[in-house]
Amino acid sequence: MSVGFIGAGRLAMAMAKGFIRAGAVPAENIFASAPDNLVGRAELRNIKELGIQVTHSNTALVSQSDVVFLAIKANVVKNVLEEISPFVTQRHLFVTPMAGITIKSVEESLPEETRVIRMMPNTPLVVGEGATVYARGEHATKHDAETVEVLLSNVGWCFEGKEEYMDAVTGLSGSGPAYVFLSIDALATGGVKMGLSRQESLRVAAETIQAAARRVLETGAHPSMLKDEVCSNNSLGQSALAAIHKMEKGGKQSGL
């Protein structure tokens, strides 16, 4: 199997790294296309260092690839699809990670019965810890879904869902890391206020959130139950309970 990325930015590099690292796709079977004006840019140098073949021709990339990821910005997708459409055959599977771009809109810009899968990743994918939901188009097969799942499992966790829920997924997992980063920053700022260094506070805050998330995943318990464990009848629990009460009075929980 050969994999192509139209677009050679951070998303493409993160996925390519994961595929190569896991042995899912060898570097020589991965292609990326980028505009001429990216020559010499750091991101293009980085992707070349992985051993990936880089071209400035989207049509050449499509001709060389079985699975094509549309790792581009939504404002250029229409022009790109019009450009590559004459080179698309029945062998191709297209995967689109773009927010707001529906499967139908991609299918309508490509030859009839083109297989399309839409995915919504998030930025932790760049460290191999992504949370991705994908949905099949009308012509994508179960085998196509299995192919995408095998690939994406190398850069985090993924599962198949329905496209009608993609907007919700965009807000939950796509934008979710921003909410978590905000929480880490707020916790760390509190630590700095109480005398810790910024570096120490950030590390403690990040480790705390990572460990709490792992506990949710490993126990399967509802977060409210785990919260109650922390807010037990001891000095630590009472301190946490007082802080949560203050957050609720300030409307912080309802804001989320």
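Sequential numbering from 1, following the chain as shown.
From the backbone N, Cα and C atoms, a Cβ is placed for every residue, glycine too.
Annotated features in TrEMBL:
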BINDING   I6, G7, A8, G9, R10, L11  NADP(+) binding site
BINDING   N58  NADPH binding site
DOMAIN    3-100  domain 'Pyrroline-5-carboxylate reductase catalytic N-terminal'
DOMAIN    163-246  domain 'Pyrroline-5-carboxylate reductase dimerisation'
Spatial separation of I6 (NADP(+) binding site) from the residue listed as 'NADPH binding site' - C-alpha basis, Å: 6
Chain-internal residues, separated by at least six, CB under 8 A from I6 (NADP(+) binding site): S33, N58, L61, V62, V68, F69, L70, A71, I72, V80, I84
All-chain count of other Cβ atoms within 10 Å of G9 (NADP(+) binding site): 18
Distant-in-sequence Cβ neighbours of G7 (NADP(+) binding site), under 8 Å, six or more positions away: A32, S33, A34, F69, L70, A71, I72, K73
Other CB atoms within 10 A, centred on A8 (NADP(+) binding site): 27
Residue among binding-site residues R10, L11, N58 with least C-beta crowding, 10 angstrom cut-off: R10
Composition by DSSP (helix, strand, coil) of residues within the domain 'Pyrroline-5-carboxylate reductase dimerisation' (163-246): 72 helix, 0 strand, 12 coil
